[in-house]
């Protein structure tokens, strides 16, 4: 992409005013094969593979200085140690390792099961009391439960990369996951499911469909083998820094306003106008549009997408929880990983919103990572208050006699688990949603269509989505 386009589209944090027809008519125009909204795992992978197939692309990214979506890293200003506050692990598949190698990602391995079992103490954060003799996992029982889970998962190949549920949605898929576990004797893996499915809250009430999609074949195999890929240098964002160098000026950063017009006519074009009072307006005309952003109605409207009533009606059914990954100072927690349980509840799962865990971070200036889940968005002040209160009531023995108030130094809020109501799922919601693919030259990809797993997103793009898109170009 030429420097003129890059400079014309660098809008920083300015708010873009509505674009008039006259502005669009007089704007500079750049033609591309595909415009991509969102530079996360799906958008970046799609862009790279389209370039491999000799297609021209532009990636429109809201962040002012990075791509990578939910892959975020905090760097301790005192020690420089990286702390991943987003994506930490990848499943080991050929598509995954090829993509990581392509961008010189330093690969290491992590045994998640071993990590959960090592140096952990269980605490009721609602009371601050230790829970003695809490047994999270019985290895043989869990292994047998995982085998039964794998057998259930194998019944639904139609949800591997999408939601091809058909007219008769299997009843098991809309069962609350707690009932699904009981029905299929999976309770022996409940504790690991709770930790591994962080962000899916309340876990026992979420339709089994979404849990089966998240803990899919790739993730389950990695969990069973104990082998996930991690960044050997501790910094998952390495992948996207290197990918950004490859994409170069094909990425437009800091996009805070757009106006998108699509045509229903065959062979039409998608017109995207971007600009502000400083740079003026620039227009991109694309053969196809990829939306690689969470498809909640508010989020799509914020992109300037010209949704019709059918599209708005469908996307308006979707809602999402939020998973907060925090770096906190002055916790005093230094010797053990603290995991939250409430003994009075089924399986000890705490009431949401709640802290999942407090993990001390080695090689930092006394920092800890705190994970918090909520079925609905919280304000920053609500998150900070929850962290201060819950950690503040821990006994002195766990806080090293610290008396200072814990303070959040960075907060990554991730849109998590975009879901539809059960009644709509039963009524064929996902068949209708899948029917939007390709209409008005618009295609949708990302976690809401695959799952919150980079590996599954990339596998789905490679095996199913990209062949269809390339055939349509």
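Positions of Cβ are set from backbone N, Cα and C atoms, glycine also.
Quick look at what Swiss-Prot annotates:
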- 1-21: signal peptide (SIGNAL)
- 26: N-linked glycosylation site (CARBOHYD)
- 54: N-linked glycosylation site (CARBOHYD)
- 92: N-linked glycosylation site (CARBOHYD)
- 133: N-linked glycosylation site (CARBOHYD)
- 185: N-linked glycosylation site (CARBOHYD)
- 276: N-linked glycosylation site (CARBOHYD)
- 401: N-linked glycosylation site (CARBOHYD)
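Features recorded in Swiss-Prot, as mapped to the structure shown.
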residue: 54; record: N-linked glycosylation site; Cβ within 10 Å: 7
residue: 92; record: N-linked glycosylation site; Cβ within 10 Å: 17
residue: 133; record: N-linked glycosylation site; Cβ within 10 Å: 5
residue: 185; record: N-linked glycosylation site; Cβ within 10 Å: 11
residue: 401; record: N-linked glycosylation site; Cβ within 10 Å: 9
Handout entry: Between residue 92 (N-linked glycosylation site) and residue 54 (N-linked glycosylation site), the C-alpha gap once rounded to whole angstrom
Key = 28
Completion exercise
Quick note, residue 401 (N-linked glycosylation site) and residue 133 (N-linked glycosylation site): C-alpha atoms separated, nearest Å, by 23
Handout entry: Cα-Cα distance linking residue 54 (N-linked glycosylation site) and residue 185 (N-linked glycosylation site), given in Å to the nearest integer
Key = 50
Problem - residue 54 (N-linked glycosylation site) to residue 133 (N-linked glycosylation site) - Cα separation in whole Å - result: 59
